[in-house]
Amino acid sequence: MAFVTSEELLATLVPIAVYWIYSGMYVMFESRFEKYKLHSKKEEEEKNLVSRKEVFKAVLCHQVMSIAINLFTYAVTREKDGTASPKKSLTLLLLAKQLVIAMVVIDTWSFFVHWYLHQNKFLYKHLHVPHHRLVVPYSFGGQYMHPIEGFLDTMGGTLAVLLSGMSPRTAMFFSSFTILKLVDDHCGMKLPGNPFYLFFNNNSAYHDVHHQLYGTKYNFSVYFDIWDRILGTYMPYSLEKRPDGGLEVRRADQEHKKD
């Protein structure tokens, strides 16, 4: 019996390819579409505490770890005959059920892990601070995090796939979607016609609030804003044009103060 099937390998590697292709697209857009950027290049250079090169290397390390976790999970959950578990025939109703369950699991897991990392001062200082070195987020910085936080982040996706009963093929598409959402939330841009702005209240501007120096107590959610609203961490915002070009995300609690 093979250690990994072709579908399992694709389910593991395709989302990583999607991460770099989609984030690379945004990197190319940065210099061409300044008027849609949420921050200037000067802000990034002044506020961020880590270089893009360091972020790139850390993300690669995170992805190596996630590959190992995913392949191990597939290996231990595979049926004895070598086929992926489960083997139910996929219908549109079952697919919809799996997607809803997976999204709810990831949204709940990610929210409470993220929220608690901010509540616990020790964990925030030693585990979560690295991600917030990106005060001005950009596309491929979405997976820049401490290895332990990276492990917890990967486990959220793994639980979503297992609890929803997805096959590796379905998981490949779902995981690729979650990667698109992650990259888009950190892209630092608001491009016209972006579907994530049409279908989700949680988008790059929503998450930009969380990365601001005085906004880290707000907007933790991934897909739905329900947990932010229930726990009082929801922060409305407005998008305004910057005098020097581009856009600025202003929290509702801001008047004329700057971060």
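We number each residue from 1, going along the chain as drawn.
Backbone N, Cα and C define each Cβ position, glycine as well.
Automatic prediction, not curation, is the source of TrEMBL annotations.
Features of the protein shown, as given by TrEMBL:
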DOMAIN    100-233  domain 'Fatty acid hydroxylase'
TRANSMEM  12-29  transmembrane segment
TRANSMEM  55-75  transmembrane segment
TRANSMEM  95-117  transmembrane segment
Given the transmembrane segment (12-29), its same-chain partners at Cβ distance under 8 Å and 6+ residues beyond its ends are 4, 36, 63, 66-67, 70-71, 74, 138-140, 142-143, 172, 175-176, 178-180, 182-184, 187-189, 191
Same-chain residues at least 6 beyond the ends of the transmembrane segment (55-75) with CB under 8 Å of its CB atoms are 3-5, 8-9, 11-13, 16, 19, 84, 130, 134, 140-141, 143-145, 147, 150-151, 154-155, 158, 161-162, 168
On the domain 'Fatty acid hydroxylase' (100-233), the mean of the pLDDT values is 96
